[in-house]
Amino acid sequence: MPPKKKTEEVKKIILGRPGNNLKIGIVGLPNVGKSSFFNTLSKTDLGKAANFPYATIDPEEARIPVPDERFDWLVSLYKPQNKIPAFLTCIDIAGLTAGASTGAGLGNAFLSHVRAVDGIFQVVRAFDDAEVIHVEGDVDPLRDMQIISTELRLKDIEWVEKELDRLRKGSKNLGSVSLADKAKKEEMNTVEKILKILVEDNMDVRKGNWTNKEVEVINGLTLLTAKPITYLVNLSERDFVRKKNKWLPKIKAWIDENNPGDSLIPFSVALEERLVSMSEEEQAAEGETLGLGKNPSALGKITTAGYASLELIRYFTCGPQEVRAWTIRKGTKAPQAAGVIHSDFENKFICGEIMAYEDLKENGSEAGVKAAGKLRQQGKPYEVVDGDICYWKSGQ
C-alpha cells in the first residue's frame, strides 16, 4: 500500500488586525483609576486624572517597555551601545457609562476609540474612597463589569445588524452558480452566526468557535467584543498588600461565568503612584517593608499580560552596536519577521541564521552555539519562535 499522505495541520487565523503595531486601550467607568493607572504606567501626567467623569476625552497614547529577563541578559552579554526593548502601545480612553451604545455621555466617541484599539485593559474599581466619587453612586465592580460588557455587546449588535441588512439587500440578486455569489452567501451566514452568538447565546464574539473563513469576516467588522480583555482590579494599597478583598472572589466568579479564560490581575493604583516617584533601590526597600518582595509593582506583570493577549512575541537582533527586541505576531514566517526591520529584508529574503535564546544562554557565546551545532539556517517557511536571536540575509 502507498504511504498515507501526511495531512497538514490548518493554521488558525488569529482574531484581530494582522500586523505587529497593535494597541491596547485602557477602558472602564469614570473614576475607577484609569488615567491614574495610565500616568503611572507611562510615568507621565498625560491622562488628566481628575475627580469627575470624562476627565479624559481625547485618548492619550504612550509606548510602554515590556519587561523581559532575556533582553536584560542579552544586554549584559553583548554590552551594546544601544538597547531597545519591546514596547506595548497603551491608550487611555474616556470613561464609559451606561447608555454609551446609544450615545449617552461621550458614548459614541468612546466606542469609536475602543474600536480603534486591538485589545482592552478593563480597569475595575474595588476600593472604597469617599473622596473619589463613583458615577453609579456606590462601589460595585460586578455591576460595573456588566455595564461595560452590555454596552460593548449592544454596539456590536447594532453594527452586525446593519451589516446583515446590507448583505440581505444585496443577496436578492444572487444566484448560486458563481464563486462570488457563493462567497457572499457564506459571508451572510457568518454574519447571521455572529448575531446569534451576541443576541441568543449572550456571548462575546471572541468566545465563539470560528473557522478561518469566519474569522476573516469577523476581522473585517472590527467588533468590540472580538478584542481580548485583561481585567485589572484596582484595590486599596492595604488590600493589595494583604492580598484580601471582598470583591475579588466575586469578580473571578463573574469572569468564569461570563468570559471564561480571560486574565484577572489585582493591583493598586494608590501603591503604584507612590512607587513611580521612587528609585529602583527605594522601590525594592519599600517592597521588602510591605512584604511584597523586591519588585512590589504589578505594572510589569500587567504590561506583559497585555502584550501576550494581543498574541505578540518578540525576536532579538544582537551585536556590539545594538541589542533590540522586534515585535511580531505569533505565527509570523521568517521573511515577514525580517520585514519588520526593513521591507528590503522581506522582499529580497534569502535566509535567516537563527539561535534559540536558551541555546545561547547555555553555551555562553555565539561561538559556543556554533560549536554545539545549534546555529540553524532557516528559509522562507520557518515560523519565528518567541525569543529567537536572528541574523537575516537578503539579496542586493
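Note that Cβ sites are derived from N, Cα and C of the backbone, with glycine treated the same way.
Please treat TrEMBL annotations as automatic predictions, because they have not gone through curation.
As annotated by TrEMBL, domain 'OBG-type G' applies to 22-287.
Residue density at S35 (ATP binding site): 27 other Cβ atoms are found within 10 A of its Cβ, drawing on all protein chains shown. The feature ATP binding site is assigned by TrEMBL to N31, V32, G33, K34, S35, S36, L235.
Annotation comment: TrEMBL describes 311-394 as domain 'TGS'.
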Request  = Please list, for the domain 'TGS' (311-394), how many residues fall into helix, strand and coil according to DSSP.
outcome  = 24 helix, 32 strand, 28 coil
